[in-house]
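Feature list (source: Swiss-Prot):
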type   : residues : note
LIPID  : Gly2     : N-myristoyl glycine
LIPID  : Cys4     : S-palmitoyl cysteine
REPEAT : 39-76    : repeat 'ARM 1'
REPEAT : 77-116   : repeat 'ARM 2'
REPEAT : 159-198  : repeat 'ARM 4'
Amino acid sequence: MGICSSSCCGGKSRDALYENVLAENEREAVADLLQYLENRAETDFFSGEPLRALSTLVYSDNIDLQRSASLTFAEITERDVRAVDRDTLGPILFLLENSDIEVQRAASAALGNLAVNTDNKVLIVQLGGLQPLIKQMMSPNVEVQCNAVGCITNLATHEENKAKIARSGALGPLTRLAKSKDMRVQRNATGALLNMTHSDENRQQLVNAGAIPVLVQLLSSSDVDVQYYCTTALSNIAVDANNRRKLAETEQRLVQYLVNLTESSSPKVQCQAALALRNLASDEKYQLEIVQAHGLGPLLRLLRSSYLPLILSAVACIRNISIHPQNESPIIEAGFLKPLVDLLGSTDNEEIQCHAISTLRNLAASSDRNKSLVLEAGAVQKCKQLVLEVPVTVQSEMTAAIAVLALSDELKTHLLELGVFDVLIPLTMSPSVEVQGNSAAALGNLSSKVGDYSIFVQNWMEPRDGIHGYLNRFLASGDATFQHIAIWTLLQLLESEDKKLIGLIGKSDGVVDMIKQIANRQMMESDNEAEDDDEGEVVNLAQRCLELLGQGGSKSHIEG
C-alpha cells in the first residue's frame, strides 16, 4: 500500500479551501485504510467504516487514490468472496468507468472475483455492470481485456444473466477476443461463449455474432482448455437442425477436426468431440461424413475405454451413425459387434445399454447377412440373459432388436432354439405398452414360415399362460395395433399346417369368439364407409382366420 501512503501528499493546491477540505478527508481515509489493512484478517471491508474509507478514495479526483482503492478491492476480493450489496458494488462499478488502465484492470479483477458468488452475479448485471465490461473488452490493454472477459464468463454461468448478456452486445467482442494472441484472454473468451450455448435463443444470437467460424478454427488450438470450450460449444450449437445446416454449408473441415480430437490426450476433450459428432450425426450427411473421415477407429477405441463418460459419448455417437443403411457394413467390419454386445452386460448404466442395443438393432436393419452377424456376436443370448432384469427402457430396445432379427427367415429356427419364447411371452404382460408391443411383434415375426411349429405347441400354455394367454390379452385389449399384431400372428399359426397347433387354436373358445367379434364389428358398421385401411386390414385378417378355422360361414349368418 505504498501508493496509498504517498498519495496523501498528492499534488493538490493548498490555496483553495475546498480542495484542502477534500485533501483532509482523503488523508483521514488513507490513514484509516492503512490501519484496517494492517489488521485485514479481522476487518470487514464490505461495510461500515472500512467501506466508507475505500469509497472516499474511489470518488476522489486523485488518480493515485483511485488506483489504491481499486488495488485494495482487487486484493481483498481475492481472499474474501461473499454476497455483497450495492454499497460495495457501486464503487467498484464506478471505478470500471475510469479512463486509467491500472484502475480498470484492478476494478475488473475485483468484480470478476465477486462474480464467483451466485447472488453477486445477478446484482452486478442488475446494477448495469455489463456495459462498462463490454467497453473494457475493447480496451487495447490485454490485462484489462482478460479481466473483463473473465468477469463476463463468471456472470454468464447464471441462467438469469444469459439472455441479458446475449442481448447486451457482448457476443461480438467476445467472438473477436476468442482469437486473441494472449492465451488467457482466449480461454476466458471461449469459456464465455460456451456459457452462452445453453438455450436456443442464445445459440442463435451467438451464430448471428459470427461465432461459428471462430469456434471451428480454434478446434485446432494447442491449448486443451480452448479445445474443450470450443468443442463443447459446437456440440451444443449442433443440437439445432438449422445450425447443423449452417455448419454443413460453411464448415467443411469440422468433422475432420472433431475426429482428430477424439484422439486427444485429454479425456474431457475426447468426450466432447464424440458428443459433438453424435449431435451432428442427427443428420444423414454427417452420418456418412464421419465414416468417410475415418471416425470409426477412434470411436471404437473410446468404446473400449474403461472411463464411463468416454464409453457413453462413443456409443451414443455410433448409435446415430448406425442409423444410415450405408454405414451398417462399415461399422460391423470395423469390429464394433462384440464390444457392443459386451457393453450390454458390463455396465448398469441404462443409457449405455440402450445405445448399445439400439445400435445392434440398426446394424441388423437392412440385410439378412448383417442380422446373422449380429446373432453370431451373441446379441440375442445376452438379451435373453438380461432382459427380464434390466430397466423398462432397455427392455424396449432389446425386444425391438429381437423383433428385427426375427424378420430373417434364415434365423427364425436359430432364435427359437435359443429359447427366446422364455422371455418374449412374459414380456407381453409388461406394464410398458412399448415392451408389450415389441415382444408381440417379435412373436409375430417368429410365427411366419418357420417350418417346424412344435415349439409353438410346447409353449401354447406356458410360460405365463403361453402364446394362448398372449393372444387372448391382445385380442381383448381394444387396442387396434395390438389386435392387428395378434390376429396376424394367429393367421401365421393357422397357415402353418401343423395339425396339433391348429387344433389347440380351434379349442380356444375365447380366442375364436374374439376373432368373430372383430370380424363382425366391421361388417355391422360397413354402411357408414368410414373405416380406414388399417381397420379394414384387421377385419380381413380376422375373416381369413375364421375361414381357416372352418367358421367362415358365420359371415352370412350375421348379415342375414
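Using the three backbone atoms N, Cα and C, a Cβ is placed for every residue, glycine included.
Since the structure is predicted, the reported quantities are computational estimates derived from the model, not experimental observations.
DSSP states for the repeat 'ARM 4' (159-198), grouped as helix (H, G, I), strand (E, B) and coil, give 29 helix, 0 strand, 11 coil.
For the repeat 'ARM 4' (159-198), the list of distant contacts is 121-122, 125, 130-131, 133-134, 137-138, 142, 145-146, 149-150, 152-153, 205-206, 208-211, 214-215, 217-218, 221, 223, 225-226, 229-230, 232-233, 236-237: same-chain residues at least six beyond its ends, Cβ to Cβ under 8 Å. The average pLDDT the prediction assigns to the repeat 'ARM 4' (159-198) is 96. The helix, strand and coil residue counts that DSSP assigns across the repeat 'ARM 2' (77-116) are 28 helix, 0 strand, 12 coil.
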